[in-house]
Amino acid sequence: MSNWLVDKLIPSIMRSEVKKSSVPEGLWHKCPSCDAVLYRPELEKTLDVCPKCNHHMRIGARARLNIFLDVDGREELGVDLEPVDRLKFRDGKKYKDRLTAAQKQTGEKDALISMSGTLLGMPVVASAFEFSFMGGSMGAIVGERFVRAANYALENRCPMICFAASGGARMQEALISLMQMAKTSAVLARLREEGLPFISVLTDPVYGGVSASLAMLGDVIVAEPKALIGFAGPRVIEQTVREKLPEGFQRSEFLLDHGAIDMIIARSELRPRLGNLLAQMMNLPTPRFVAPVIEPIIVPPAPATI
């Protein structure tokens, strides 16, 4: 073996491997919209909104509730509920196995989390869909957790907010999942009868049985920028009508222009704007919002590839 190979090439390869392994996994994230390579700690400060192009990335249900509700006084509702494979459903894989895999991947028992707490000091109850759990699909547990949150609002005379992110009803639960559309719609009718506000916040994406029920039944319907919202997907519609759809079809901006939703609010503005709106709807004093101080972050040079 030559001296050059021993003295130069092998140490160079070893240094390269050490350098690669010293970069923690998940430290960098590529924006799916503009391909900018973003430093994860910086992205957390912007609530997972790309600082380069303002793309609102998908975030988990628990993270969403944590950034929306006040820190103190949160309590999760329906935490004891777990899904059951009553139909012994199987497609390419057993439903029971799909549930186990989704629970392991997300750390959640099902695709909806509900919490009571406060928003700028005002008592509220909030629910959020976990899209990473089987596409945020709505089954019996999702429906029951939503109903328990609504019942909490009824018992405590407080408003309810839901952050929807779902592909629709859960196929593996068949009619049981479709029944949740009626079940959730019925409890929202009770909220309306009692004069308690329900605000629906549509995030990317909202489709199927969720968009056809609870997601579009808000007293005020809000969406994040550029969220995909519809019943069937745009490709399915194009194949059905055999026509090219308008640019931006099913994006939140398109729906706002056509009167299907009430407003679009950036993620960073949801707390103050919804807090102010709910205070007006509940005839309460305007809450005081203090924007968090964002400490500057020193961003190291981005890697060439991630």
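Including glycine, each Cβ sits where the backbone N, Cα and C put it.
Bear in mind that the values here come from a model prediction, so they are computed numbers and not experimental data.
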Of the ranges 31-53, 123-145, 192-214, the one Swiss-Prot annotates as zinc finger is 31-53
Starting from the Cβ centroid of Cys31, Cys34, Cys50, Cys53, which together make up the recorded Zn(2+) site, report each further residue of the same chain whose Cβ lies within 8 Å of that point, ordered by sequence.
-> Pro32, Ser33, Asp35, Ala36, Leu38, Pro51, Lys52, Asn54, His55
